[in-house]
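A quick write-up on the structure given underneath.
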Amino acid sequence: MGSKTTFSLLLHLIFLSITLTDAQDCYTTGNFTANSTYAKNRDLVLRSLASNVTANGGFYNTTIGSGNDTVYGLVHCMASPSAGNCSLCVNSSIQALMTACPNQKEAISWGGNPVPCIVRYANRYFFGSLERSPTLALYNTGKIDATFAQFDQAWSGIRDIVTRANSTNASRNMLATETIDLSSTHTIYVFMQCTPDVSQSNCGECLQQSVDYYKSCCYSYQGGVVGTPNCFFRWDLYPYYNLFPQVTSPPLHISISTSTGISISTIQC
């Protein structure tokens, strides 16, 4: 599946965290023309997602139109956000999506400010389907400050979290957060979540794929993120998203890579 990927990264000093503000993938499976019925339905879907997401607990999907002009849309705010934070992420993601993908019939946006969220639409029914791509990866370019054996053991613990989350998490949010001791002075903070439309088994498969993807691209770096259409995985050496007790963390060197082969590197000041 072809795609055009656009990124905008905002780095700030609030808890010295990674904040992915906007990352879009514009599919190359078809375009629509301005002022067409599909264009109007796409805009209606995105407005409906923005106006209904908080009233529906952070997850909402909708369908507007008929025949070839049907548009399917889905939005999910992750990490148990407040209504205000959910709206901020969704509205920012939608604006970025419309700018980056002005006439593509299918697109997805990952937002991360101030919490992670997913916004996507398409001219095909995708609700409940497990999709393995596109895949977005962020990672801190600083190397892990531990022996490889320590980190390898800790990484096995991250894989175990997927198994436990899949076997015990039957809630609608499909959210898992855990900590793993890397050394006497370092703790790994892990966050995983799936979109509520996928099955529990597909959620586990998606998260396992994300963990394996991170290991293949970014192993031994000081934290990172993998996002797919159905799930979100993050680990770092400091708390984030107000899911863990807050502690002081060091400056980070940040890099981004995607399954399309694009990479961007920058340094947090």
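Placed from the backbone N, Cα and C atoms, the Cβ positions cover glycine too.
Annotation comment: TrEMBL describes 1-23 as signal peptide.
If you look up TrEMBL, you'll see 20-126 (among others) marked as domain 'Gnk2-homologous'. This prediction places the mean pLDDT of the domain 'Gnk2-homologous' (20-126) at 95.
As annotated by TrEMBL, domain 'Gnk2-homologous' applies to 132-240 (among others). DSSP places the residues of the domain 'Gnk2-homologous' (132-240) in helix, strand and coil in these numbers: 40 helix, 32 strand, 37 coil.
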